[in-house]
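As written in Swiss-Prot, here are the features:
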type	residues	note
ACT_SITE	HIS188	active site, proton donor/acceptor
ACT_SITE	SER318	active site
BINDING	98-100, ARG126, 129-132, 139-141, THR187, SER319, 324-326	substrate binding site
SITE	GLU331	site 'Important for catalytic activity'
Amino acid sequence: MATTRSEKDSMGSIDVPANQLWGAQTQRSLAHFRISQEKMPTELIHALALTKRAAAQVNMDLGLLPAERAKAIMRAADEVLDGAHPTEFPLAIWQTGSGTQTNMNMNEVLANRASELLGGARGNNRLVHPNDDVNKSQSSNDVFPTAMHVAAVMGVSEHLLPELKVLQKTLADKAEAYRDIVKIGRTHLQDATPLTLGQEISGWAAMLSHSVRHIEATLPHLCELALGGTAVGTGLNTHPEYAVRVANEIATLTRQPFITAPNKFESLGTCDALVHGHGALKGLAASLMKIANDVRWLSSGPRCGIGEISIPENEPGSSIMPGKVNPTQCEAMTMLCAQVMGNDVAINIGGASGNFELNVFRPLVIHNFLQSVRLLADGMRGFNEHCALGIEPNRDRITQLLNESLMLVTALNTHIGYDKAAEIAKKAHKEGLTLKAAAMALGYLTDAEFDEWVRPEDMVGSMKK
């Protein structure tokens, strides 16, 4: 039995593995772009299959594609969407910047599979043509940007935002639970005036609430689809109703509010929607890094650190120090946030590098965008389940550090003035005295006045409620 078959494209014939559905252009790309290990993301492949399905449906409805072929293409696309044929999409991210080779990879796979579904063969004698049928009314230049937006919206809406909202609620619940625990605040990594543990955590929860709104604000632009613009945005070789209809079909299939882009020249020539969208993801990464760093600092110890909170002990932390447990979820979170920030730089460069009617950094952009979505969604789920839900206050340590802080002297500002209060703090620090002892030694207030005026629970403001 032959192990290869001949496939033909505009450059001639080439042998491809007989057991694979792809064709000539995919085989050429495999030969020419043997670069690293990064392959086209599965989310993008599925979005591309969905786009091809929608195009076949609309082309059939408009009378542009015979029903028999259109339905076979749709069945083949559904197989891809259901997880079949995962080895048929082997191409590297590092290929043509328009994604043409991956578009043709999908066209060839669907054409050969549709031919089989119709009782035909693979290869040059197939019953469905990759360009004339599967790619009808399309160009790589509008199909690939469309698939990018579909994959991005689906990833953000169905994976990232749900995990973000769960983590935000966990922190909001913790803020409420610990609203009455007064602790020392810190600025510049130095002691500051008191606040409650609930107030501190409420800041984290608010950061994530803002991130939800920032990310959601980027979705309308991402829901604009380039399909129908064809090669340069003019819609050459498409039916007048095609662009609107195919966007509506994609919206129906995904249950997302996709629309046809009002200006296809912008859709083809830029990656602005993804640049903007990833900017919001980078903002989320910045917030998560701050939260994770605060958590690991506050839980540092167990005996020689701050130790105001405890977090779950999930696994041994050292191969040499017995009993050591580390804040591993915080470390994983900060690392993935750093990667997202790096991805943002690459996306910005890619987005800024379009020329004339087409941006040709698209595989780079979508690879990094979808990686960031996966990292953030998975990271937030793990951080929530294995860290945030288990945050508990160490009340004795909180009280100890609160009572030792020299910054409680700030409560005296309105009674004896800043200069005298500063003198008390300096004397206490230099001579190892309590604030009360230093104040009384200087003769600035009585024992009773100190106890009345320096009350940490009265220093946390109206926000305690």
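Count begins at 1; order follows the chain as displayed.
Each residue, glycine too, has its Cβ placed from N, Cα and C.
The structure, with features from Swiss-Prot marked on it.
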{"residue": "THR100", "record": "substrate binding site", "CB count, 10 Å": "19"}
{"residue": "HIS129", "record": "substrate binding site", "CB count, 10 Å": "15"}
{"residue": "ASN131", "record": "substrate binding site", "CB count, 10 Å": "15"}
{"residue": "SER139", "record": "substrate binding site", "CB count, 10 Å": "24"}
{"residue": "ASN141", "record": "substrate binding site", "CB count, 10 Å": "26"}
{"residue": "HIS188", "record": "active site, proton donor/acceptor", "CB count, 10 Å": "6"}
{"residue": "SER318", "record": "active site", "CB count, 10 Å": "10"}
{"residue": "SER319", "record": "substrate binding site", "CB count, 10 Å": "7"}
{"residue": "VAL325", "record": "substrate binding site", "CB count, 10 Å": "15"}
{"residue": "GLU331", "record": "site 'Important for catalytic activity'", "CB count, 10 Å": "12"}
Looking at the recorded positions HIS188, SER318, GLU331, which has the shortest Cα distance to HIS129 (substrate binding site)? GLU331
Check: min Cα-Cα distance from SER318 (active site) over recorded positions ASN131, HIS188, VAL325 goes to VAL325
Spatial neighbours of SER98 (substrate binding site) that are distant in sequence (at least 6 apart) but have CB under 8 A: SER140, ASN141, PHE144, LEU358, VAL360, ARG362
